[in-house]
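Chemist: Features from Swiss-Prot:
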- 74, 107, 170: Zn(2+) 1 binding site (BINDING)
- 76: active site (ACT_SITE)
- 107, 142, 356: Zn(2+) 2 binding site (BINDING)
- 141: active site, proton acceptor (ACT_SITE)
């Protein structure tokens, strides 16, 4: 069994449903300390939601003048769902038919193990490496993400820690290992809209104002609006409604209020304030009495095809003979926090097809190549 597969299995065996770390970071920290890393554990959050974060760094021969490449990821996993639907216990790593099964196998304990073993090999092969290697690991990525990467980035910024490159181990591959790198993510802007009407008996509509009827033209306008055209990196901004509720449940009462939950996934062509203004303008033009509670989940970020993306693409090509695709599709990630303090941020990891699913798994034969890709990226950028 390879060192990477062995460590992956050890991490999967840790029960680490958000915000629990389950001992994963201790395993990682001990391995890194053994090869000269300074490590720091930071616990954050309220008593009923304690988050564990790990910061680790090993400087190179160039000291503070050297480039810094950071591996970032999370040890927490989503809940298992019904245990009886799993073919094997989700926290007992199991190999069947060339697949390694277990919660977190794809998202993202295989990547974490590959980070560690790639770093061990790199340090052994390049003891005089010029640049620095860092790790930022949290147990609060799958949850609210209030006490994880975001606060660690604030700490790093406060201590003026420079970061040049960051590789996040999210599962980005689609059909085969190496076919996709995420070099950016769309922003997320959510809102809870309340449209006010006047409640009345349904037989006397002249005594009420039905917010469902009143809002219909505005809803149509919102759905039909082209918010932007996107660009070479991003698809056009999308607007989606996720929940609509009105009424008391009785069928003879005109509702007094309509509530709509909605979300923008937006490109770098739009700013949050522009989207807010345009949406509110549509509602005002429709003559609606409304209020909105806005939540900005994250701003979009993009890393062009520069040094980091180039090195990773070359490493993938060497290891897998695949010409990889750069993409910004999908949901948000902790990259939205890291991009504020790091010049170049990309995400790359194993196949994403089983993430968060029953019988989550990775291809066993992908584990060592993934580790090799990470090591070859280090060799190009900080050796």
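Cβ atoms here come from the backbone N, Cα and C positions, even for glycine.
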Chemist: What same-chain residues, at least 6 away in sequence, bring their CB to under 8 Å of the CB of residue 356 (Zn(2+) 2 binding site)?
Modeler: 78, 107
Chemist: Enumerate same-chain residues with a sequence separation of six or more from residue 170 (Zn(2+) 1 binding site) and a Cβ-Cβ distance below 8 A; give 'none' if the list is empty.
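Modeler: Sequence-distant Cβ neighbours: 73, 107, 108, 111, 182, 333, 347, 348, 349, 352.
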Chemist: A 10 Å Cβ contact count, applied to the recorded positions 76, 107, 141, 142: which residue has the minimum?
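Modeler: Least crowded of the recorded positions 76, 107, 141, 142, by Cβ count within 10 Å, is 142.
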Chemist: Determine, for the Zn(2+) 2 site, the additional residues of the same chain whose CB lies within 8 Å of the mean position of the CB atoms of 107, 142, 356; present them in sequence order.
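Modeler: Nearby residues not in the site list: 77, 78, 104, 108, 355.
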Chemist: Take the C-alpha atoms of residue 141 (active site, proton acceptor) and residue 76 (active site) and report the distance between them in angstrom, rounded.
Modeler: 7
Chemist: Using the CB centroid of 74, 107, 170 as the Zn(2+) 1 site centre, which other residues of the same chain sit with their CB within 8 A?
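Modeler: The surrounding set, listed in chain order, is 73, 108, 111, 141, 142, 168, 169, 171, 333, 349, 355.
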Chemist: Same chain only, sequence gap of 6 or more: which residues have a CB within under 8 Å of the CB of residue 74 (Zn(2+) 1 binding site)?
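Modeler: Expected: 108, 137, 138, 139, 140, 141, 142, 148, 149, 334.
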Chemist: With DSSP assignments reduced to helix, strand and coil, which class does residue 76 (active site) get?
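Modeler: In three-state terms, residue 76 (active site) counts as coil.
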